[in-house]
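Visitor: From TrEMBL, for reference:
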type: TRANSMEM; residues: 12-35; note: transmembrane segment
type: DISULFID; residues: Cys47-Cys56; note: disulfide bond
type: TRANSMEM; residues: 113-132; note: transmembrane segment
type: TRANSMEM; residues: 144-168; note: transmembrane segment
type: TRANSMEM; residues: 188-212; note: transmembrane segment
type: BINDING; residues: Ser198, Asn230, Leu295, Asp298, Ser299; note: Na(+) binding site
type: TRANSMEM; residues: 224-249; note: transmembrane segment
type: TRANSMEM; residues: 283-315; note: transmembrane segment
type: TRANSMEM; residues: 327-345; note: transmembrane segment
type: TRANSMEM; residues: 365-382; note: transmembrane segment
type: TRANSMEM; residues: 403-421; note: transmembrane segment
type: TRANSMEM; residues: 441-463; note: transmembrane segment
Amino acid sequence: FQVRPLRLGYASMVIVFFCNTYYIMVLAWGFYYLIKSFTATLPWSSCNNEWNTPSCIEIFHHQDCKNASFANITVGSSNMTCADLADARSPIIEFWENKVLSISSGLDEPGKMNWELILCLMAVWVLVYFCVWKGVKSTGKIVYFTATFPYVVLIILLVRGVTLPGAYDGIMYYIKPDWSKLEEAQVWIDAGTQIFFSYAIGLGALTALGSYNRFNNDCYKDAFILALINSGTSFFAGFVVFSILGFMAAEQGVDISQVAESGPGLAFIAYPKAVSLMPVAPLWAALFFFMLLLLGLDSQFVGVEGFVTGILDLFPGKYYHRYKREIAVAICCLLCFIIDLSMVTQGGMYVFQLFDYYSASGMTLLWQAFWECIVVAWVYGADRFMDDVARMIGYRPFPWMKWCWSFITPCVCMGIFLFHLVNYKPLTYNNVYVYPWWGEVIGWCLALSSMLCIPVSLLYKLFRAKGTFKERWAHLTTPVWGAHHLEYMAPDIKSLSSMSPGTDDNKVIIFESVM
């Protein structure tokens, strides 16, 4: 069905487009690391490379500097004193910042492009295109491998991780929560944002993929299966990650909290450092980055497929072209690739963080999810929606679902959204570089480009409609059903399947179910 005034789909398309644009960079970096893993010695494991600086040190020897009286002694073979260790840098950080990113001093210094990253970016976009261009049938076959093989790699890495010294401490650090953190608003903000992002809520991708299902597909059961597999996989992967982090902390003689990273820091700094300390390091590095590439491709498939499906659905059947889908996917990939070129420059990481922080996570997803609940539960009607689901799957969902749509979910979304606004802090990189004011303006423009779709389209439709305000609202909030839906809703009406869009015989028929 379509509720006309609140064009939530437009906002979802903007969000998923931004997500497709910047998320592909994780795949490009992962592919770059995967290529660099096929060497006898990992390039990020030593300080003997052209990109390393005099401050590079492979082993920090923190345990030799615990006594303050030893502040001026030389540690290890690096000719550094304990006082110099404060400014020392590990080879993995220098590989990440000096070699992979070649990072500049700020957003205002884009610098030159990294041709190696351009080739990696081009390779992953070509791979995504040829996996998506024929539709969900071909993508579904590919996903059988890309979605299941990472579990094999996770099990291998877990078996290896738990056998390393310090793994037990890492796992205990993982499963013993710090309950005092629940008092911090930022924890709830991060948790809510992560759940919405990992479940693709508000992106429209699940809706687009679900449109390919049979009408009577049990979407209610699928929702529970999706939640269990998603959260279960994340919980299982936590044991893999923290067993490795425990080993890394034991090797460096520091607390686990000092080696635990998040986001790109975990994937491209902490974990590569950990595998560099293992025997047969290139093997474990290749396995990890191959798994990361497959996981990223799965997410990218869903995002591109959801965006292209939404775009194609905007065009009526009379614009049919034999290769319409292939052309649409090509244009989408090419446009995203052109924008991505700004992220393979020396200032590309600053652009990436702008997209990540503002465009497709945090406030935008919470705002989108809030309005989705309002439209479904209060504009369309939670009871009516429950009836529709019952008509599709043959039974009514548990009433708890209606309460979630009507009260719990919108209140949680708006609460976290307001927390986010109240605790808003200017965007920084590594807690050191503060973005300039014009950088934040660009970020807010990215965020508002999707958030404003909802109120602007509402006001526009109300202004264009005729009659009193009550009549306009009643007209615009009336559901519009397609003929293929009416066949299931009214089996006694004949020849609905023969109706063609845009003809005089195809009048809008509105059914309101009462159960």
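Every residue gets a Cβ built from N, Cα and C, even glycine.
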Visitor: Applying the under-8 angstroms CB criterion, which one of 12-35, 113-132, 224-249, 365-382 scores highest with the transmembrane segment (283-315)?
Guide: 12-35
Visitor: Check the transmembrane segment (188-212) against the transmembrane segment (403-421) for contact, please; criterion is three or more CB pairs under 8 Å, pairs 6 or more apart in sequence.
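Guide: Yes, since the transmembrane segment (188-212) and the transmembrane segment (403-421) share at least 3 Cβ pairs closer than 8 Å, they count as touching.
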Visitor: How many other Cβ atoms are found within 10 Å of the Cβ atom of Asn230 (Na(+) binding site), counting all protein chains shown?
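Guide: There are 14 such Cβ atoms around Asn230 (Na(+) binding site).
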Visitor: I need the nearest neighbour of Cys47 (disulfide bond) among the binding-site residues Asn230, Leu295, Ser299, using C-alpha distances.
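Guide: Checked the binding-site residues Asn230, Leu295, Ser299; minimum Cα distance to Cys47 (disulfide bond) goes to Leu295.
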Visitor: Can you tell me the CA-to-CA distance separating Ser299 (Na(+) binding site) and Cys56 (disulfide bond), as a whole number of Å?
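Guide: Cα to Cα, Ser299 (Na(+) binding site) and Cys56 (disulfide bond) are separated by 36 Å.
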Visitor: I need the CA-to-CA distance for Cys56 (disulfide bond) versus Leu295 (Na(+) binding site), whole Å please.
Guide: 32
Visitor: When you check the transmembrane segment (12-35) against the transmembrane segment (327-345), do you get at least 3 Cβ pairs under 8 Å, counting only pairs 6 or more apart in sequence?
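Guide: They do touch: at least three Cβ pairs between the two stretches lie under 8 Å.
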Visitor: Residue list, the transmembrane segment (224-249) vs rest of chain: Cβ under 8 Å, 6 or more residues beyond ends.
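Guide: Apart from its flanks, the transmembrane segment (224-249) reaches 151, 154, 157-158, 161-162, 164-171, 173-174, 198-199, 255-256, 258-260, 266, 270-271, 273-275, 277.
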Visitor: What number of additional C-beta atoms lies within 10 angstroms of the C-beta atom of Ser198 (Na(+) binding site)?
Guide: 13
Visitor: Six or more residues beyond either end and a Cβ under 8 Å away: which residues meet both conditions relative to the transmembrane segment (441-463)?
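Guide: Distant contacts of the transmembrane segment (441-463): 4-8, 10-12, 14-15, 18, 354-355, 357-359, 363-364, 367-368, 371, 427, 435, 469, 472-473, 476.
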Visitor: Sequence gap of 6 or more, Cβ distance under 8 Å, 3 or more pairs: do the transmembrane segment (327-345) and the transmembrane segment (113-132) meet that?
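Guide: They do touch: at least three Cβ pairs between the two stretches lie under 8 Å.
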